[in-house]
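Among the features that TrEMBL reports, active site, nucleophile is placed at HIS59. Here TrEMBL flags ASP324 as active site, proton donor. As annotated by TrEMBL, disulfide bond applies to CYS230-CYS244, CYS401-CYS409.
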Amino acid sequence: MGRIYPILSCTIVQTSTPYLQDKSGKSRPLSSITGHFGCQTDSNCASSAPVQVNIIQRHGARFPTSGSTERILAALKKLQSAPVFTDIRLSFVKDYRYPLGVAELVPFGAYQSAESGAIVYDRYRKLVSKGNIPFVRASGSTRVIDSATNWTSGFAEASNNIFEPRLAVVLNESLNDTLEDAMCPRAGDSATQTALWIDAFSDSIAERLNVWAPGANITTSDVPSLMSLCAFESVALEKISSWCSLFTTKEFLRYEYYSDLEKFYGRGYGQELGPVQGVGYINELLARLTGMPVRDNTQTNHTLTASPITFPLDRTIYADFSHDNLMGLFKQPALLDPLQPDPKRTWLSNQLVPFSARLVVERMQCRGAPPRRNAALGDLVRKDTFVRVLVNDAVQPLKFCGADKHGLCTLEAFVQSQSYART
């Protein structure tokens with residue numbers, strides 16, 4: 001129920017268009033979810049503050065991946081093959097030239113990561129010194145590496161270049177990589193569930209487009225690709241795409257559910273082997289929180305985690321960069337129905353893994369608490385040491401480890417709740 005699995009993505013972006021903020025699934029820019037930082041009072045101690053920060057963040061906004069690009073271009077070719085358009089809203093399509101690249105960051109995506117680095121410095125500057133600057137890692141994709149280096153640049157600039165973190169470790173995605181979830185070949189996918197929903201929500205849209213473009217023969221499987229152009233093109237060109245006007249708000253909400261299903265049944269609770277693919281990262285997180293060596297028999301690269309150069313345990317800020325993998329903080333009361341969205345669901349990909357989304361795990365220390373040695377957790381633990389988790393700036397309740405109303409649970413309880421990852 002309360003196991004945490006990696007998510008991967010956040011910076012604060014404001015935009016007036018509902019298509020980007022609420023209805024484009026994981027392909028939208030990040031906007032901060034209501035939350036708070038720096039809890040000053042709680043039921044467990046008079047005053048607490050972060051003493052360690054662990055960040056795992058998705059890369060910034062990018063162009064479509066190679067697979068998505070192929071599907072988009074195939075749908076465009078069909079639409080442009082129509083000899084005539086019967087609706088003025090398609091008038092731009094005749095001379096339309098596809099302007100997007102493949103998979104790499106767009107300028108706004110680079111800005112997102114740099115801004116995020118600046119925000120982290122501003123929030124946690126008291127944890128930084130010349131002898132203790134953030135330790136930064138990245139999964140090996142170019143867009144992830146670029147996001148990490150943009151983050152370090154933003155952090156350095158915010159400090160007037162007094163503190164200049166560097167990307168220290170790049171994890172090869174073809175080897176043991178705890179920042180990517182492609183290490184389990186037997187894990188299934190979401191194809192069955194997403195296909196059912198695509199047919200359900202796209203049928204009327206495909207029918208309408210074929211009326212507007214006679215002879216195009218648009219199918220239900222083409223619709224998500226065409227709808228994705230709204231977000232991808234708007235973010236890349238930094239203006240609202242003409243594609244956005246072809247679909248209604250209700251249709252974009254249904255498209256969002258397509259992304260929700262894709263993540264839920266691909267890497268989330270709907271996939272038996274989906275969530276546990278992140279256990280390696282969880283064990284790295286536990287090692288950092290406790291100051292103890294990594295205990296893991298799953299995904300970690302033992303050569304890297306055994307070295308204080310490539311896996312130090314004495315830093316106050318750790319920043320890892322990855323993809324849009326999800327986490328187990330959003331347990332649903334039932335499996336998502338591939339034909340009927342639950343309006344009360346909390347599994348919303350546009351809030352969990354937008355471009356540049358982030359998970360922050362803070363180790364909180366009660367000021368004035370006396371030291372207490374704990375052989376199981378390490379010498380860093382004091383009498384009142386707590387953990388708090390934020391997803392895109394929203395404090396999480398952490399009921400699985402007995403958190404109080406401020407989202408704080410004891411480090412002991414948190415470590416125990418994640419002990420499954422070590423077995």
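Heads up, the Cβ atoms here are built off N, Cα and C, so glycines get one too.
Not measured: the values here are computed from a predicted model.
CYS401 (disulfide bond) is 25 Å away from ASP324 (active site, proton donor) when you measure Cα to Cα. Closest to CYS409 (disulfide bond) by Cα-Cα distance, out of the recorded positions HIS59, CYS230, CYS244, is HIS59. Every protein chain considered, the tally of other Cβ atoms within 10 Å of the Cβ of CYS409 (disulfide bond) stands at 24.
Separation of the C-alpha atoms of CYS244 (disulfide bond) and CYS401 (disulfide bond): 43 Å, rounded to the nearest whole number. A simple Cβ count within 10 Å picks out one of the recorded positions HIS59, CYS230, CYS244, ASP324, CYS401 as the most packed, and that one is HIS59. In this structure, the C-alpha atom of the residue listed as 'active site, nucleophile' lies 20 angstrom from that of CYS230 (disulfide bond).
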